[in-house]
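Student: Here you go, one structure.
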Amino acid sequence: MSKQILVFPGDGIGPEIVAEAVKVLEVANDKYALGFELSYDELGGAAYEKYGTPLADETLERARAADAILLGAVGGPQWDNLDRPLRPEMGLLKIRSQLGLFGNLRPALLYPQLAGASSLKPEIVAGLDILIVRELTGGIYFGSPRELRTLENGERYALDTLPYSESEIRRIAKVGFDMARLRGKKLCSVDKANVLESSRLWRAVVEEVAKDYPDVELSHMYVDNAAMQLVRAPKQFDVVVTDNMFGDILSDEASMLTGSIGMLPSASLDANNKGMYEPCHGSAPDIAGKGIANPLATILSVSMMLRYSFGQLEAADAIERAVGNVLDQGLRTGDIWSEGCQKVGTREMGDAVVAALRNL
Ligand code: NAD
Ligand code: IPM
Ligand code: MN
């Protein structure tokens with residue numbers, strides 16, 4: 001039976017990087033007889049332009065029916081002043097929430113060829129392999145009440161709310177422990193339990209879940225310290241589990257350890273490993289349309305799709321090896337370029353990965 005992949009090119013650099021990832025996906029589809037059928041729709045600003053809303057109801061239904069989703073990125077300055085429900089980012093949050101994609105895996109893996117491209121000293125990052133597990137459908141992103149209004153005294157006032165239920169914490173903690181079990185058997189739970197009630201509950205529930213994982217070494221760290229430790233000694237981490245907002249921030253920070261935000265893929269999974277796959281970066285309006293964006297995070301997100309949603313480990317590994325081979329050839333987009341390497345654009349990078357994958 002064929003598998004349906006729904007593709008959202010999105011906004012800004014989204015269509016440019018997705019075009020390259022789709023080429024790689026199609027080669028993998030042929031080479032490994034995966035039986036994928038691709039179809040396209042719009043999310044974010046592009047959906048607002050086409051349907052008048054960042055996530056149309058019919059699009060959501062197509063997403064529910066698909067076996068997996070590939071997304072570029074959404075957002076851009078031209079939509080920043082729309083009413084909140086119409087903004088591109090709301091389409092993204094809605095699809096995550098509606099599909100129950102609570103488990104967000106963001107691996108920060110340093111390809112050894114890029115040690116010189118990291119903003120940290122090579123010896124600090126050599127061999128880096130961290131997995132950030134971010135809770136994706138709860139916390140301050142979704143809490144209510146939420147408001148922005150003018151008080152009686154004429155002053156503007158805004159409110160967000162950071163709720164977490166025990167069950168939401170328990171299920172993401174399990175993802176963290178399960179991932180740690182498959183890797184280095186170390187889990188660091190990051191919170192702000194010295195200040196926030198939600199974090200106190202988070203810590204207590206993570207401790208309870210830990211009883212089922214005696215083989216995994218659990219530690220806790222406050223988020224401010226974690227942000228510092230990530231650049232001081234990042235290799236102390238194996239798997240990090242944290243809430244929605246802390247995970248958003250720490251994963252962008254971790255991306256620079258790998259050379260660029262253009263290297264960080266992600267998987268957003270539901271309880272049955274159905275998922276949406278997208279780079280961690282945004283639509284990069286500053287470089288959109290120039291053909292210079294790094295497509296590797298999106299290409300590596302395709303690898304994660306094959307691994308997590310379809311169990312196609314050989315094909316998933318092959319894409320990662322193809323990326324490694326291209327880096328061995330010295331090809332670099334601008335964001336990961338260093339002295340002695342050949343600077344290439346988005347399409348050349350995609351073509352090189354396609355060629356390397358064919359040649360494996
Ligand atoms: P961004 O990640 O788009 O860009 C930050 C910086 O990183 C920019 O200088 C950009 O040029 C660079 N960059 C990002 N991806 C790159 C790539 N593949 N290759 C080379 N350089 C790359 O973050 P931002 O500027 O804060 O946000 C821009 C827009 O993207 C906003 O509308 C934001 O809401 C949206 N956004 C969307 C997602 C998503 O769709 N998942 C994620 C983050 C931000
Ligand atoms: C991400 C993005 C999104 C988030 C925005 C665009 C809503 O930054 O995927 O990391 O904050 O989750
Ligand atoms: Mn982010």
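In case you wondered, yes, glycine gets a Cβ from its N, Cα and C as well.
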Student: Considering the substrate binding residues ARG96, ARG134, ASP224 given in TrEMBL, which of ARG87, ARG106, ARG232 is annotated for that site as well?
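Tutor: Among ARG87, ARG106, ARG232, only ARG106 appears alongside ARG96, ARG134, ASP224 as substrate-binding in TrEMBL.
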Student: Which are the residues of the chain, ASP224, ASP248, ASP252 excluded, whose CB is within 8 A of where the CB atoms of the Mg(2+) site average out, their centroid?
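Tutor: Filtered neighbour residues, in order: VAL223, ALA227, MET245, PHE246, GLY247, ILE249, LEU250, SER251, GLU253.
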Student: In terms of DSSP three-state secondary structure, what is the assignment for LYS192 (site 'Important for catalysis')?
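Tutor: Going by the DSSP assignment, LYS192 (site 'Important for catalysis') belongs to neither helix nor strand, so it counts as coil.
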Student: Would you identify the secondary structure of ASP248 (Mg(2+) binding site) according to DSSP, in three states?
Tutor: helix
Student: Nearest to ASP248 (Mg(2+) binding site) in three-dimensional space, by Cα, is which of the recorded positions PRO88, ARG106, LYS192, ASP224?
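Tutor: Nearest candidate: ARG106.
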Student: Just to verify a number: CA distance, LYS192 (site 'Important for catalysis') to ARG96 (substrate binding site), in angstrom, no decimals.
Tutor: 24
